[in-house]
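The structure appears right after this line, and notes come after that.
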């Protein structure tokens, strides 16, 4: 299974690879959620949903169902970017 | 030089666009609606140098010209339609210094429409703290535009902005990005088919999600058939366009925008950790709610008492000063009562919006949405429905107005429709008096039956709201696809000026919007209650006086005397005077009651008796149910008039109600069965014309309030019927 934003742990970062669903809201892209950008999981809501991410300097909350469609490569702690 | 410059203010949410608007226009602003839709239209006048004036239109906040909500499409339409009287001569794009990159996306789109654009970089006061430096001159050159560096907090840069607006004719109209490179063939075909139109404009019309209003559709009728590409292909192209724009922006910012990452990291992270914590987060939210409640419920009591007292004495004054007659009665009992009924809500509305504005300005509201979203979702509601639902327990009117923050129309509509189920403060007087009458003494687990009843009524209100939300979510087929993407803005100290403007504006829109309807209905109710066609009505005074002379006072007056003579000392030399005064008052009350019985309203009550009898009510309660349609608390007052006791005599009303006998069963009229039936009826029925008026205002159609009225009344009737028939 592909790694997506929904798989990030709190504080973990990743680089967006692609969207596995074409109909993601364009608003998300406009906020800077674009392939190649770094995305960080800032906070998870108490019932595990929604999640709160920082991408390209934009802090946004999205629901988990949407996060599942944003594929990424996780940046391991020892990697330097 | 009398022509006004049309200026459109546009920008992402949370950039301080409204603050810029407030600073440009001051109090020269007004808020209305766009014709036919519920999107708020804010406009104002700004004085520019050299005696020029500008008409400023504050467009709904949007992240780009690719619209996802009705609000946003209003902005786009205005920019596209050159024939609109508000079509801007110049657009001001407001951005904030920290999110400049993202804000520039919208800016490049506006430039590409060839509309002269000025870039405002707001919150300049945060630059040094965040370690940001910008080469403004170079940025202006790269964007081919003019920039005003503004701080609305420190009030700097606004004059420069005024200069730039006045000078708008010198702004270049060149495009920033040539988007045709994302699909050269497609765009070439567009350009050859519509040689007169701008390609980017065509592209925008083709790709809009939201239904456009008729205007440009006719022009582009062929364009939509031209959208030979499938939806997902178009979406791909839109994504490509966004990426292209970001490439352009990144290229520019690399040379002009520097952030020193070593500068302070801000306290956002720390505060977020606490405020969205799984325990503290809810605890803090709960405490804030308690405060808001206390304000709406407790603090506003003082101004409300003052208003109440003022209108009571004003009515008194009118009656004493003006010559008696229909006209005086109309002013005193129709118009003044109506205006009083509007003004009385102002403290609650002002307090609620004060808090909402504070929570929004500080950035806390987004955290509440984040905390509550998952909990509300199964009911077809969103995290944004929480505040309206909770403020509904004070009063549904400000609550319905507070739904404006919900962008998704379906979620907003459901929230508006179910909010009136929550137990508002106007139900309380009705609940209290009936509970005191019919619920027996005794306790369960240390809680008295009376308290438990009251609590169940509150819970039932919430239950009905949630249940109907679930149903509405199933049956409403509304296409308003909006995904949950909520920006979590930085925490900020609220600008008191902005908060003040919000409170003022919301209060005004209630008073003049819903107020008109409330006033009209209260005049109608007054007319029905104070006019009649029968001889009994016309000769009420002689008939009642004669009856009292022959048969003595009625049973209700006897109770009235009993309650009041307790305090009388027979040895007091004034006792007979006081006795006389009591008798005079009792007579006046009996006449009023007799009149009401034979007025149009009285006949209406008798006409609906067959309908309310299965619920255990008689025609008198029927009248009270009708009049309390104005507002629930009127129930008690109407019963007082019918039973011929003074309006402010709570104890007397209660004793009188307890003594009332049902002529058919010879049992007390207010017993457990009819009492519970009444409680349930008031818990669920839409007995509040003010709420209906506000729902009409907010949904811009009578369809929704009418549906609400029918559904809630029917539901209330059935529940009350079942309860009465079971308990009887």
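Positions of Cβ are set from backbone N, Cα and C atoms, glycine also.
Automated prediction, rather than curation, is the source of TrEMBL annotations.
Copied from TrEMBL, the annotated features are:
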type: BINDING; residues: B:11-18, B:36-40, B:58-61, B:122-125; note: GTP binding site
type: BINDING; residues: B:22; note: Mg(2+) 1 binding site
type: BINDING; residues: B:25, B:26; note: Mg(2+) 2 binding site
type: DOMAIN; residues: B:4-171; note: domain 'FeoB-type G'
type: TRANSMEM; residues: B:279-299; note: transmembrane segment
type: TRANSMEM; residues: B:335-359; note: transmembrane segment
type: TRANSMEM; residues: B:413-439; note: transmembrane segment
type: TRANSMEM; residues: B:451-472; note: transmembrane segment
type: TRANSMEM; residues: B:510-528; note: transmembrane segment
type: TRANSMEM; residues: B:669-694; note: transmembrane segment
type: TRANSMEM; residues: B:706-727; note: transmembrane segment
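Overlay of TrEMBL annotations on the structure.
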residue: B:11; record: GTP binding site; Cβ within 10 Å: 29
residue: B:14; record: GTP binding site; Cβ within 10 Å: 18
residue: B:17; record: GTP binding site; Cβ within 10 Å: 25
residue: B:22; record: Mg(2+) 1 binding site; Cβ within 10 Å: 22
residue: B:25; record: Mg(2+) 2 binding site; Cβ within 10 Å: 22
residue: B:26; record: Mg(2+) 2 binding site; Cβ within 10 Å: 14
residue: B:40; record: GTP binding site; Cβ within 10 Å: 16
residue: B:60; record: GTP binding site; Cβ within 10 Å: 21
residue: B:123; record: GTP binding site; Cβ within 10 Å: 24
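When pLDDT is averaged over the domain 'FeoB-type G' (B:4-171), the result is 86.
Packing against the transmembrane segment (B:669-694) from elsewhere in the chain are residues 341-342, 345, 396-397, 400-401, 420-421, 423-424, 426-427, 430-431, 434-435, 437-440, 453, 457, 460-461, 464, 510, 513-514, 516-518, 521, 615-618, 621, 625, 628-632, 635, 657-658, 660-662, 705, 708-709, 712-713, 715-717, 719-721, 723-724, 727-728: each is 6 or more residues past its ends and has a CB under 8 Å from a CB in it.
Note on the transmembrane segment (B:279-299): residues 347-348, 351-352, 354-355, 359, 364, 367-368, 371, 390-391, 393-395, 398, 425 of its chain, located 6 or more positions outside it, place their CB under 8 angstroms from a CB of the stretch. Here the transmembrane segment (B:451-472) has Cβ contacts under 8 Å with residues 378-381, 389, 392-393, 413-415, 417-419, 421-423, 427, 431-432, 435, 439, 444, 679-680, 683-684, 711, 715 of the same chain, all six or more residues outside its ends. The Cα of residue B:123 (GTP binding site) lies closest to that of B:22, out of the binding-site residues B:22, B:25, B:26. Taking the Cα of residue B:60 (GTP binding site) as the reference point, the closest of the binding-site residues B:22, B:25, B:26 is B:22. When secondary structure is read from DSSP and collapsed to three states, residue B:60 (GTP binding site) falls in the coil class.
Look at residue B:11 (GTP binding site): DSSP puts it in a strand. Separation of the C-alpha atoms of residue B:17 (GTP binding site) and residue B:26 (Mg(2+) 2 binding site): 14 Å, rounded to the nearest whole number. Considering only the binding-site residues B:22, B:25, B:26, the residue whose Cα is spatially closest to the Cα of residue B:11 (GTP binding site) is B:22.
The two recorded residues, residue B:25 (Mg(2+) 2 binding site) and residue B:14 (GTP binding site), show a Cα separation of 19 Å. If you measure from the Cα atom of residue B:40 (GTP binding site) to that of residue B:22 (Mg(2+) 1 binding site), you get 16 Å.
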